[in-house]
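Heads up: the structure comes next, in structure tokens.
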């Protein structure tokens, strides 16, 4: 049975659930019981997909792993969401039987779904509900259980493990070992926390290091027991038990690089039957590192300032500002699309800058007295002090400069990008997470210096800097989408790849009839992630942060 979510095919990647500077994150654990059996010769191979409602459309957020040949799966992959008390966050959990390796959901059999708000799950802590068909009628079989846990502890643990001389389980070959980690649940039963990858054809596996939130592994309690199970993978889902052991984070933390911790893997049945039994192999904990996974809010609370600069397009294609058809025409309500974009972004960002003094620059205009074209001028006509006091100051300087300049061209972005990048480069000399620069460019048309702009953006991607581009009017903004590296990483004309995606482009026309906060959410959606990504890459913790 094919499945297409309401509103069309899902969008890959995570959808930001509002602002990322919320108070807490919530982790959702999903399991299924008595699911429909869609396979003829074996049991279903279920996986769960989480959709989030965004502007009336269901958008794919994430997927669990596939539980092979299992009608009662407990998925080790968790869904981690930002929780906002003031918003109704609608969620849909859909279960599928994996038939092919395709990422397209209509290639898999639909097993059922359940929809509710995040608040419903959080207030109940754990809910169990019957699965429904797409028409909201009962699926006939199968229930879903969703448990919520607040991730208020931002510590994460990275474990690197290996095995030595594990029991051979395959008749004509060696074992295909993997590990499962469990913690005690509230109901007294062991709860699956993490499953490693399978290492094929070996009795001496080396697993990839993995990182999980400390609260997921042990509820933040370093002494809480952790059960580790070792299995030999079987493609039909009937994995062979190799052995087990119990440990704790406190014990595992004894392992350091160069000083591994070795733990015997015990099969209790073999131990009872054979007096000569020693173990079923050794699990080697090569390293255990606990560190903090800092959030955007951690950096803001740590004193990081968001340094905001506005760049405004004054090219002739905007039209004469005295003409009501001009994009720079200020209507009787005292606004236009340029001012709306400045207000939408600036009103939020100004709260994160203590002095609220923002440079406001223009490009593409001829300036008095000699009427030379400039692509990097202060709109208050004070090149030594281009700062405006708050968003109000930017709006006032913008309105005041319109009668005194001549709109011209071309539409060159690179001078303003390089202008802000120079200040961002100076900030890196401090080697602290105290400043992050945001450039808002508002423009009506096609970039003239695309080659130079690509190079400037690639260089800026190495700095504490993000670029927001708001396109006003009805021009073709295909080039802007190219700079916004959501689908593929931007490269300069020399072939150098951007260190990270720092450009967010939004066409204003999509928000003309929407609430003003809608534009702000869209424009600022990627910013918290970009801030964290930069400081994390540079190994810069928030100032005054506590050790893990």
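Note that Cβ sites are derived from N, Cα and C of the backbone, with glycine treated the same way.
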Per Swiss-Prot, the region 'Linker region' among 131-188, 189-246, 247-304 spans residues 247-304
Spatially, which candidate from the binding-site residues 97, 102, 170, 232, 234 is nearest to residue 176 (Ca(2+) 4 binding site), comparing Cα atoms? 232
Where DSSP helix means H, G or I and strand means E or B, what are the helix, strand and coil counts for the domain 'C2 1' (6-131)? 10 helix, 55 strand, 61 coil
Taking the centroid of the Cβ atoms of 99, 102, 109 (Ca(2+) 3 site), which other same-chain residues have Cβ within 8 Å of it? 96, 97, 98, 100, 107, 108
Reading the DSSP string in three states, the entry for residue 240 (Ca(2+) 5 binding site) is strand
Looking at Cβ-Cβ distances, which residues of the chain lie under 8 angstroms from residue 234 (Ca(2+) 5 binding site) while being 6 or more apart from it? 176, 240
According to DSSP, folded down to helix, strand and coil, what is residue 232 (Ca(2+) 5 binding site)? strand
Which of the binding-site residues 109, 170, 232 has its Cα closest in space to the Cα of residue 102 (Ca(2+) 3 binding site)? 109
